[in-house]
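Copied from Swiss-Prot, the annotated features are:
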type	residues	note
DOMAIN	5-52	domain 'SpoVT-AbrB 1'
DOMAIN	81-124	domain 'SpoVT-AbrB 2'
Amino acid sequence: MFLSTYENKIDKKGRVSVPASFRSHLSNLGYNGVICYPSFNNQSIEACSQDRIEKLSASIDSLSPFEEKRDYFATSILSESMNLQFDSEGRISLSTKLLKHAKIKNSMLFVGQGQTFQIWEPAAFEKFKINARKKANLNRASLKWEKHFNNNEGK
C-alpha cells in the first residue's frame, strides 16, 4: 500500500528517486517500475502498478466499444500512460509532458493514496490538501466503515 508523503528533487539529468517504500510495494507486486499518466481530476500525475492499469483497462473495455465514454477514458488514461522502469538507484525519468501538466520544476511530492499514488508540485498539493480536508470533513458521514474485528476494536 502507498502511504505517506515524500518530497524529492529532480537531479541534473532529469531523474527523481521514487520513495523506497513505494518501490518496495511495487516490487512486491512483481514490477520494477511504475505507470504514470496525467490526472484528469487535478494538476497531478497519477501513478500505479501494472496490475492497477490493467484493471483500469479492463474497466474501460467493459464499456460498449461504440460508447463515447469508452473513448474518453481510453484517451485520457491509456493513451497518456507511460511505463517507467526504475534504474539501479530507484529513479525514474518523468517526461516533459508529465512535468508540465503538474507544473513541476525542481521538486515534487509523492503522495500515497492507498492502491495508487500521485506526484504533485509541493505548493499546488498544499492548496489541494487544505481543500480536501475541508471536503473530507463535510463528507465524513459517507465514508463506509465495515466491521472487520471480532472484539469491539475499531468502533
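Numbering starts at 1 and runs along the chain as it is shown here.
Glycine is treated like the rest: Cβ placed from N, Cα and C.
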With DSSP as the yardstick, break the domain 'SpoVT-AbrB 2' (81-124) down into helix, strand and coil residue counts. 9 helix, 18 strand, 17 coil
With DSSP as the reference, give the number of residues of the domain 'SpoVT-AbrB 1' (5-52) in helix, strand and coil. 12 helix, 18 strand, 18 coil
